[in-house]
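TrEMBL has this to say about the protein:
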| type | residues | note |
| --- | --- | --- |
| TRANSMEM | 45-66 | transmembrane segment |
| DOMAIN | 46-201 | domain 'EamA' |
| TRANSMEM | 78-97 | transmembrane segment |
| TRANSMEM | 159-178 | transmembrane segment |
| TRANSMEM | 185-203 | transmembrane segment |
| TRANSMEM | 209-231 | transmembrane segment |
| TRANSMEM | 243-267 | transmembrane segment |
| TRANSMEM | 279-298 | transmembrane segment |
| TRANSMEM | 305-324 | transmembrane segment |
| TRANSMEM | 336-353 | transmembrane segment |
Amino acid sequence: GRTVRGRACWGRWTARQRAGRGGVGAGKRRLRCGLRITGLQVRKALWGVAMVACVCSSWAGSTQLAKLAFKRFDAPFALTWFATTWNCLFFPLYYVGHLCKSPERQSPRQRFRECCRFFGDDGLTTKVFFTKVAPFGLLWTLTNYLYLQALRKINSTDVSVLFCCNKAFVFLLSWIVLRDRFMGVRIVAAILAIAGIVMMTYADGFHSHSVIGITLVVASASTSALYKVLFKLVLGSAKFGEAALFLTIVGGANFVFLSFVPVILYFTHVEYFDSAQNIPWACLCGVAALLLAFNILVNFGIAITYPNLISLGIVLSVPVNAMVDLYTCEINFNTVRLIAVFIICLGFLMLLLPEDWDQGLIQLASKLRKRDQPAEGAGEAGTSAGLNWSRRTRTSMSTFAH
């Protein structure tokens, strides 16, 4: 009898040891999986930090170079035409990336035809061009022209912070035109943006020069928002190749159909400049290259990082421009201006909240509540019997893991 009981005890002890080793192995596997997921998230976040720095530097750099170019080249439409023409490089650059990464390499003509399906079954026809491409090209040119005109009137800090209001305008237009979901926090953000515009105007005492500049940059933000909302309404969402092709067509159409405008403005002395030798080509090419880089990062950066991080780079360009303006003594940071900048940036950040942010907070609160419950249960279990304690511990651990 003792031998039978001894073998039974040995069997139970061996089973417990195996179960313990299985639990440790499962725990290691879960830990290894968790580390793998965390590693991917860290890598994506690091890419996001790099993207934020690149977006911020390209946007702030293009603004400062344009401000510098106007000291010797006072021709905002000519600069707009020159920078928009560089959009022709979008599709060639995309095709180079396609050759480097895609396992199925297509010829340029095949890739072009495949991307043209974005415009419909018939592809890019004359009717499609004048009804679905040309209006967006005009909005693109108008947005950039108004932005550069505003730079001629007011400092770059005010221009960059006021242009951030286009996020609020996009929400309002999407809510009205696209029937997007109503969100109270975004309405508050839009109100903050409008209040910031009024305070920014008040900061300079409602001078005519300042009011004109603020009106121009707000109009630029409005046309930018109109471009984005109408694009989603008319064309929908575009893939990377389709977006690259669309912007290339916009750049080509700008070169073909709008080249006469800078010529007319030059001969009518509306935008007159000296000989070609006195034109600051380094600044002009720098503005065009940085705007091209900015648009590439904004359109294709979501493939490697989070979209909100890209938007964050636009906000961070505001303090960068502010530091440059402060160094060059082109701005007076009074209390009203600082409050206006803070309000507009706060509204922009509020617009980055996801649609289900409130549900996420509720879920987070419930998870934190569940994490506190096992600790209370474990404290009460210490005064009970050993069998009951082990059962409660297993239940608490399963709840925590879930």
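Just so you know, glycine gets a Cβ as well, placed from its N, Cα and C.
Automatic prediction, not curation, is the source of TrEMBL annotations.
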For the transmembrane segment (159-178), distant same-chain residues with Cβ under 8 A (at least six beyond the ends): 59-60, 63, 147, 150-151, 186, 189-190, 192-194, 196-197, 200, 213-214, 217-218, 220-222, 224-226, 228-229, 232-233, 311, 314-315, 317-318, 321, 340-341, 344-345, 347-348, 351
Positions whose Cβ lies under 8 angstroms from the transmembrane segment (279-298), at least six residues beyond its ends: 51, 54-55, 58-59, 61-62, 65-66, 68-69, 72-73, 79, 82-83, 85-87, 89-90, 93, 144, 247, 273, 310, 313
Beyond the flanks of the transmembrane segment (185-203) by 6 or more, those residues with Cβ under 8 Å of it: 158, 161-162, 164-165, 167-169, 171-172, 210-211, 214, 218, 334, 336-337, 339-341, 343-344, 346-348, 350-351, 353, 357
Surrounding residues of the transmembrane segment (45-66) on its own chain - C-beta under 8 Å, 6+ positions past either end: 79, 148, 151, 156, 159-160, 283, 286-287, 290-291, 293-294, 297-298, 301, 304-306, 309-310, 312-314, 316-317, 320-321, 324
Across the domain 'EamA' (46-201), average pLDDT on the 0 to 100 scale: 88
